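Q: What follows is a single structure, and I will ask about it in a moment.
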Amino acid sequence: MLEARDLHCERDERTLFSGLSFTVDAGEWVQVTGGNGAGKTTLLRLLTGLARPDGGEVYWQGEPLRRVRDSFHRSLLWIGHQPGIKTRLTARENLHFFHPGDGARLPEALAQAGLAGFEDVPVARLSAGQQRRVALARLWLTRAALWVLDEPFTAIDVNGVARLTRRMAAHTAQGGMVILTTHQPLPGAADTVRRLALTGGEAGL
């Protein structure tokens, strides 16, 4: 279980959110919503331990995150707004960098992400959407329980969004957790996703 307790965050003397508390249990996914500058990415960075809140605490499995960073990071898949891939490498080589023991599974993961036939193409030659798919192919390889995804559908077409949404649904059905930001609808998942709205210093589930 991931828990946020009374989180408070300020940026440039402006309160992004205050008194924010919620939990994400096994089998749940949460969509963080809000306008530009509402603090969506900042909240995800707090939840992953990449930044510290100005008040409150994040807990993982009942322990303060700052005390269990190693075990937490073994349980975490974080994909930020930028793909975080190496453009000099091919799609296959990028996945091998993150999952060196899964060589036999890489082609299937890339195919699931819509990159069949592009396995050995340098990422620099791929479109923005294809580069995003390289990063998201990790969803078919990772063994992490908690997925935190910042705008995963950027530059992804409708069919790709549907495929990725099905993968997230399968992950939560198996007891995994997903937290994501997106402005796009989640096809077939509207009834199962909780929404956390950040609105001008306040938040509501």
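Quick reminder: no glycine exception, Cβ is built from N, Cα and C everywhere.
Swiss-Prot lists these features:
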- 2-205: domain 'ABC transporter' (DOMAIN)
- Gly34, Gly35, Asn36, Gly37, Ala38, Gly39, Lys40, Thr41: ATP binding site (BINDING)
Q: Out of Gly34, Gly35, Gly37, Gly39, which has the highest number of nearby Cβ atoms, where nearby means within 10 Å of its Cβ, if these are the binding-site residues?
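A: Counting Cβ neighbours within 10 Å, the top one is Gly39.
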Q: Within 10 Å of the Cβ of Ala38 (ATP binding site), how many other Cβ atoms can you find? Include all protein chains, please.
A: 20
Q: Other than Gly34, Gly35, Asn36, Gly37, Ala38, Gly39, Lys40, Thr41 themselves, what residues in this chain have Cβ atoms within 8 Å of the centroid of the ATP site's Cβ atoms?
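A: Going along the sequence, the neighbours come out as Leu16, Thr42, Leu198.
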Q: Under a three-state reading of DSSP, tell me whether Asn36 (ATP binding site) is helix, strand or coil.
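A: SS state of Asn36 (ATP binding site) = coil.
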Q: Specify the count of other C-beta atoms within 10 Å of the C-beta of Thr41 (ATP binding site).
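A: By my count, 16.
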Q: Return the residues near Asn36 (ATP binding site), defined as same-chain residues 6+ apart in sequence whose C-beta is under 8 angstroms from its C-beta, sorted by sequence, else 'none'.
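A: Residues satisfying the criterion: none.
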Q: Let me know the DSSP-derived helix, strand or coil state of Thr41 (ATP binding site), please.
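A: Once the DSSP labels are grouped into three classes, Thr41 (ATP binding site) ends up as helix.
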